[in-house]
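Visitor: Pulled from Swiss-Prot, these are the listed features:
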BINDING   8-15, 21-22, ARG60, 87-90, LYS98, 114-115, 183-184  substrate binding site
ACT_SITE  HIS9  active site, tele-phosphohistidine intermediate
ACT_SITE  GLU87  active site, proton donor/acceptor
SITE      HIS182  site 'Transition state stabilizer'
Amino acid sequence: MAKLVFIRHGQSEWNLSNQFTGWVDVNLSEEGVRQAQNAGALLKKEGILFDQAYTSVLTRAIKTLHYALEGSDQLWIPETKSWRLNERHYGALQGQNKAEAAEKWGDEQVHIWRRSYDTLPPLLDASDEGSAANDRRYAHLDPKAIPGGENLKVTLERVIPFWEDEIAPKLIDGQNIIVAAHGNSLRALTKYIENISDEDIMDVEMATGEPVVYDLDENLNVVSKKKLN
């Protein structure tokens, strides 16, 4: 039996200012740091010993992982960063205040962009200075792999190959894994491992800085799930 822990990054500066973040690399807020440190204390109390850690290439998730591992006295364990664990790319909405976007396009349209499983947001052009194509952390990628915007369906298609190739084999081998990532990349993984429908996943929320602990059998079926708070 292997343990799998998901942690959505602690509150970010743009969570605090109510902005669409996506692939923009913003930092944790002071509250976000506190949440990540608290996650570490909860994991230490739970007594979970990890073999491997995974996170995205975005600062808010990386720092959350480090605070959580430091708090549970496991900062030394092997760590892998992957762009495939990044947040959903919000396209041209990135950087915009959510309330102002609702005023511009209407509450219903913005709600559809945020919550529909397969509706894309307005796309960010590759020539835009804010495009990830201009960020050297993605220089190794085929430019065609860099999205201009994603829905949850596309995010799932991005995340699952990494799960299948990197994370699942270690869990099958009995290793305990921690994944510190983002609301939508973790919702995508949650949908996959819990076999949640396209409709029901839209109601699943990932709280910032809250560890979610799974016990998985040798076939990666969920035996138990609990949230630490």
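For all residues, glycine too, the Cβ spot is worked out from N, Cα and C.
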Visitor: What does DSSP assign ARG8 (substrate binding site), in three states?
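Guide: DSSP call for ARG8 (substrate binding site): strand.
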Visitor: Hey, how far is HIS182 (site 'Transition state stabilizer') from LYS98 (substrate binding site), Cα to Cα, in Å?
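Guide: That separation, Cα to Cα, works out to 18 Å.
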Visitor: Give me the non-local Cβ neighbours of GLN11 (substrate binding site): same chain, 6+ apart in sequence, Cβ-Cβ under 8 Å, ordered along the sequence.
Guide: LEU28, SER29, GLU31, GLY32, GLN35, THR208, GLY209
Visitor: Compare the Cα of HIS9 (active site, tele-phosphohistidine intermediate) against each of the binding-site residues ARG88, LYS98, GLY183 and report the nearest.
Guide: GLY183
Visitor: If one measures from the C-alpha of GLY22 (substrate binding site) to the C-alpha of GLU87 (active site, proton donor/acceptor), what distance in angstrom results, rounded to a whole number?
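Guide: Roughly 5 Å, rounded to the nearest whole number.
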Visitor: Looking at the binding-site residues ARG8, TRP14, LYS98, GLY183, whose Cα is closest in space to that of GLU87 (active site, proton donor/acceptor)?
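Guide: With Cα distances computed to GLU87 (active site, proton donor/acceptor), the winner among ARG8, TRP14, LYS98, GLY183 is GLY183.
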Visitor: Across all chains shown, how many C-beta atoms besides its own are within 10 angstroms of the C-beta of ARG8 (substrate binding site)?
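Guide: Step by step: centre on the Cβ of ARG8 (substrate binding site), count other Cβ atoms within 10 Å, giving 28.
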Visitor: LYS98 (substrate binding site) has how many other Cβ neighbours within 10 Å of its own Cβ?
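Guide: Other Cβ atoms found within 10 Å: 15.
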Visitor: Given a 10 Å Cβ-Cβ cut-off, pick out the one of the binding-site residues GLY22, GLY183 that has the most other Cβ atoms nearby.
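Guide: Result of the Cβ crowding comparison: GLY22.
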Visitor: Counting Cβ atoms within 10 Å of each candidate's own Cβ, which of the recorded positions HIS9, ARG88, HIS182 comes out highest?
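Guide: Comparing the recorded positions HIS9, ARG88, HIS182, the most crowded Cβ belongs to HIS9.
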